[in-house]
Amino acid sequence: MCGIVGYIGNNEKKQTIINGLKELEYRGYDSAGLAVMKDGEMNFFKAVGKLENLSNKCSSFSSEGYGFAIGHTRWATHGKPTEINAHPHLGQYSCVIHNGIIENYKEIKDKLEQSGITFLSQTDTEVIVQLFEFYAKDTDIFEAFKKTIDELRGAFAILLITKKDPNRVFFAKNAAPLIIGKNQENEIYFASGDAPLIGLCEEVIYLEDLSLGYASKEELAIFENHKLKQNSFTKLSGDKAFAKKDGFRFFMEKEIYEQSRVMSEVLMGRINGDEVVFDELENEDLSTIEEITLCACGTSYHAAMASAYLFERLAKIKAKVEIASEFRYRDAVIKPNSLFIVISQSGETADTLEALKIAKEQGAKTFAICNVDNSNIVRLAHLSLLTRAGIEKGVASTKAFATQVLTLWMLAIFIAQKKKLDISTEIKALLHTPNCVKVNAKLHEKIHRLSKRYLDGHGFFFIGRDVFYPLALEGALKLKELSYLHAEGYPAGEMKHGPIALADSKLYTIALMPKNMLYEKTKSNVEELIARDSTVLSISPLEFDLSDDFIKTNEQSHYMCEFFEMMVITQLLAMEISIRLGNDVDMPRNLAKSVTVE
Ligand code: F6R
């Protein structure tokens, strides 16, 4: 995820910004930049890679004395991690940094290009500074800034500075965090999270959505929905570790709670009316594909499995799923006219990378679904879509899985559209998914209470049908990774073919019972287990008195909405059980975040 830091005051500005950005390093980034305004003069520096590279770039530059500065760490979402694409983005006399995604950047870019403006970068951010200067030609500077912000759709935290008004920093915020801090030395700071402000500011304002304004040495003006607001500062807490987790106990917990926002970001700019649009695939003809092979490891493999159901159901393309470590040694045959999709959070997993090389050598068209631009997997594949999850710190994958499944579902719809197939119910459901993963405090509390009943036993079976089978596998994987208890995912209908022999009161069954996918069939399978005295926790929108424990989900009109809601429940359950067992939630034993060995 990108990071923002801004500063107004007398300190050495370059260093203040770099120090602040260092506090946001844990969020991940692939390039960085800063701009300093002092005595009406603007200097800027950008570098690919670590902040050290940026530091080296501006080592001979000094910025003592009153002035202001803005800085940014970028996690690529539109355009490669290059110096041109790094922030700040420059116009003729202004520059901007931005977190989030501008959903309508293409429309704005087209309009500006028609009036003769040339763009340097591939980013969505550059439209902000170009649009601002377009309006600033014949209007007052703050008016031009307001007009610019009013035209943007999407998520943004923005800082803009301009030589035409060299005494003010302009800012705006919608659906991406932006904080303003102050101290007794009359310094003003901006940041996209608490961490850079701790120890430097005593008081802060957490800007609300749809707010904008400007700050100078003398004045801080914040407008919310165009109305000037009274500035109400609150005291800043002093715990840096806590701040880095946004106040959550663990990174994993933070990442579970973040899922709603990141899923909105996955959708941003990719839904137009009742269609899925992928700029990245504009010139690709995917309608002639006859077969899809999906290949991945671990959690990404479960995302692949879930999407295979969707490719067949929606796009009517035969889809098979391969575990990368198996695929690479089994002399697999890849048919011509088939698409080979690899899925990877890190983009560096050795087995997946090797499988991708084999498929490419065999002449398959290859496609990466990945969270990290410029990773080995993205660079090697013919095509790629970024999952926009932001950095995932918890070793056990949560938001990365959610964004993989969502992106793959969109890809299935995209191909179905190209084949003129009926996808009429899908778009509404897609747009609803960020609501389905919002964590409700009452639900979390209930899962916390229930978790104490599931700390022993001789094993867990997570069961489900259709896409709820890969979700069951993923729920079981989360539980075993975090709790070190034995857990398996199983197709609900398959239990009677063997595993039911294990059923007794110390066998815990977590039953995924969606209303919109084979409810009655799954219910019968659960009843078979209840008849053998298995202890059952069922998760369903429909009351089910026979089970020992029950978590009621919301009535949804699409099974994928139920999928995502149940996904959050299984994640929280695994986390709460693990906390009770005293395990390290963020760094479970024996596991690594990126598996670059065989
Ligand atoms: C489990 C988990 C792993 C990864 C697997 C593949 O929570 O995170 O199972 O999914 O190691 O990693 P990527 O997706 O980076 O290829």
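Every residue, even glycine, has its Cβ placed from backbone N, Cα and C.
TrEMBL does not curate its annotations; it predicts them automatically.
Keep in mind that what you see is a predicted model, and the values were worked out from it rather than measured.
Sequence annotations record features per position, and here TrEMBL assigns active site, nucleophile to C2. Taken from TrEMBL, the feature active site, for Fru-6P isomerization activity applies to K593. Among the features that TrEMBL reports, domain 'Glutamine amidotransferase type-2' is placed at 2-218. For 277-421, 450-588, the entry in TrEMBL reads domain 'SIS'.
Note: the CA-CA distance between K593 (active site, for Fru-6P isomerization activity) and the residue listed as 'active site, nucleophile' rounds to 20 Å. Here the domain 'SIS' (277-421) is broken down by DSSP into helix, strand and coil counts: 62 helix, 29 strand, 54 coil. Cβ neighbours within 10 Å of C2 (active site, nucleophile), excluding its own Cβ and spanning all shown chains: 26. Taking the Cβ of K593 (active site, for Fru-6P isomerization activity) as centre and 10 Å as the limit, one finds 16 other Cβ atoms among all the protein chains shown.
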